[in-house]
Amino acid sequence: MGDPFIRHIALLGFEKRYAPSQHYVYMFLVKWQDLSEKVVYRRFTEIYEFHKILKEMFPIEAGDINPENRIIPHLPAPRWFDGQRVAESRQGTLTEYCNSLMNLPGKISRCPHLLNFFKVRPDDLKLPTDSHGPHFPRSFWELSWVKKPETYLMPRDGKSNAADITGPIILQTYRAIADYEKSSGSEMALATGDVVDVVEKSQSGWWFCQMKTKRGWVPASYLEPLDSPDEAEDPEPNYAGEPYITIKAYTALLEDEISLEQGETIEVIHKLLDGWWVIRKEDVTGYFPSMYLQQAGQDTDQAQSRIKRGAPPRRSSIRNAHSIHQRSRKRLSQDTYRRNSVRFLQQRPRGARPGPRSPGSALKEESLKTERPKPQPAVPPRPSADLILHRCSESTKRKLASAV
């Protein structure tokens, strides 16, 4: 299988932690040679110590003998006091540093020192906590005193600017509707009723979540919003379609799915967050795993990383699912997708090729929908008592504890 090496290192952002004292750690997504992806957390002081040792190991490439021969990137030394603005400003430097490391000759980019530094440590799989107040038995009150880390994610364009980040990212809270047993070390097991914070929502339908002292990937189909079931997160269908190519064969297990061989060209008409997209092959529509699709015209080798974990389970396949919401959002049936798709294809000019949604196609798509009055914004439901306690300030929690 060959020696292990790292294909790519991406900086996701940083966390502000409070245990054992306030400090900052940077989050890196490390992609290995087997296409597995691991999230690791490192302090800047650790990164700088790694950098110093790397220069000692390769003095010529570090420019210690002749500065003109330096190829190892520069990294500024830590400051005496590292605040939040410093942590934010370093993100651009660290992104360029990691990119430069991966472009170095193999004797450096694949040396044991670099590989060991970015390997997953036990602490990377634990969520640090900081307990305050009296130590009650393991109960709600004990967990309520735990102060969570504050997560700050990199901007989408990869450029770090202190003005872009004005506060911690408020992670969305979801609840598990059924038990889930993990099948790999990068996943996280769930029990019915577990409450998790979602760090990343991947188009594959696998979401990276954290819960108490655990982190890992979880199928989105096993999660529901804690506040309300009516979150309109899924985009609207695009009957113009986007051209994709299947990079792996799939045999339908349910009648509303579609079977395809590798290398077939199809059109995606609805991208759903659970990783099961609605596709069109001629006049047939059905669900298909998004992990087995790659946009036409792009390198299919890069898409192989999404196949490593496999397609997530569908919501309809989950047994003993228990939702806390009395009503849930209704999904379109395949009959509706087919009818709207056929009507759109009949109106599309001959020779027109599918592509990204344009203003004209959006107008045509709107004409397919039944005209109805614009719904008035609904008043959001009052959060439950448990959710209020979960999100209230430490001062409020102490007052409630003393009242009890």
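Placed from the backbone N, Cα and C atoms, the Cβ positions cover glycine too.
On a predicted model such as this, the values are computed, not experimentally measured, just so you know.
Residues annotated as domain 'PX' in TrEMBL: 4-125. For 169-228, 239-298, the entry in TrEMBL reads domain 'SH3'. Residues or ranges marked as region 'Disordered' by TrEMBL: 296-404. What TrEMBL lists as compositional bias 'Polar residues' is 296-305. Annotation source TrEMBL lists compositional bias 'Basic residues' at 322-331. Taken from TrEMBL, the feature compositional bias 'Low complexity' applies to 348-362. What TrEMBL records for 363-374, 388-397 is compositional bias 'Basic and acidic residues'.
Broken down with DSSP, the domain 'SH3' (169-228) shows 3 helix, 31 strand, 26 coil. Mean pLDDT across the domain 'SH3' (239-298) comes to 90 in this model.
Note on the domain 'SH3' (239-298): DSSP counts are 3 helix, 29 strand, 28 coil. Taken through DSSP, the domain 'PX' (4-125) splits into 50 helix, 28 strand, 44 coil.
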